[in-house]
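Data block below; observations after.
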Amino acid sequence: MSTATHSRPRVLILATGGTIAGKADARSAIGYDAGGVSGQDLIAGVPGLDKLATLHVEQIANIGSQNMNDGVWFALAKRIKAAFAAHEADAVVVTHGTDTMEETAFFLQTVLKSASPVVVTGAMRPSTAISADGPANLYEAVKVAVAPQAKGRGVMVVLNDTIHAARWVTKVSTTDVQTFHSINAGPIGYVDPASVRFLTPAVQAEAAVPDLTHAEGKLPRVEIIYGHSNMDARQVDHAIEDGARGIVLAGIGDGNASDEALAGLDRAVAKGLLVVRASRVGSGLVNRNVEVSDDTHGYVVSYDLNPQKARILLQVLIAGGVTDVHAVQAAFGQGLY
């Protein structure tokens, strides 16, 4: 706990590892070990951070985000919910690897029902690199979290002076520090040296999903199947046989697939699996009944959600007992504006 006064906002920092906590030779940003630095050491390395808020740090995990899993997700969700319910914190900042950051942010967005700010941040360069971006990102994440206008905006991702909503943000570069973009909507704000600027009023759509923060920490299996030319149905049939509860098609174009693959997806629907059409394309929406007759096939469309986020929402819905195709489709439309 910092020595800041109680009049300052209270921010709970939940550390999970990632490149922001990575260690390497200071001359290089490659060959590093993700999660080599503790959350406490991270905040100690950011000058002036304790002037923004009263800080409390907890280490939830210390892993590269390629190893992020349901257990860590549920641990984060439960801790955030408990902190807000007990009035322990006014805001929460999660430090995280960038590779699956958008997925963790979106999971938290789907299961948390609080207007209090939750900000996820990370870095593209390890903490020991000469030009590490983590300290500035962490400083700005706390700055956004304590801004009065941050309330009621759901879960946000803050990196490189830019504020993104969890629903829209995605990683678009393997190396660029400006790796996150909100392609279909644009960022919701920016962090300037003197201020936090939001571009739109706070509008947090009411989540149409059950509260899973009491669950045991394992989501139902949903497979993502990648569309391509000359596609057959073998991956679809394997998912059916292997006990998947749902399939997300990362389809070509607006979520399409070959006739053979669609026939396989029809078999999945007949077996009781939920099938969601998303797109492998980086932008645009997948709408109902355009080239594929979703009404005829019994499919759901992802609208603006990319395949990885569509998978998470479908998992959460199934876990909460929402399996009617019309109810699932309605849930995918929540937050679409």
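Just so you know, glycine gets a Cβ as well, placed from its N, Cα and C.
TrEMBL annotations: computationally assigned, not manually curated.
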> The substrate site in TrEMBL includes T98, D99. Which of S38, S65, S131 is also listed there?
Replying inline: S65
>> So if I draw a 10 Å sphere around the Cβ of S65 (substrate binding site), how many other Cβ atoms end up inside it?
In response: 23
> Which residue, of the active-site residues T19, T98, has its CB surrounded by the fewest other CB atoms within 10 A?
Replying inline: T98
> Taking the center of the Cβ atoms of S65, T98, D99 at the recorded substrate site, which other residues in this chain have a Cβ no more than 8 Å from that point?
Replying inline: G18, T19, G64, Q66, M68, H96, G97, T100, M101, G122, K171
> How far is it from S65 (substrate binding site) to T98 (active site), counting Cα to Cα, in Å?
Replying inline: 7
>> Going by DSSP assignments with H, G and I as helix and E and B as strand, what are the residue counts for the domain 'Asparaginase/glutaminase C-terminal' (221-332)?
In response: 45 helix, 23 strand, 44 coil
> What is the number of other Cβ atoms found within 10 Å of the Cβ of D99 (substrate binding site)?
Replying inline: 19
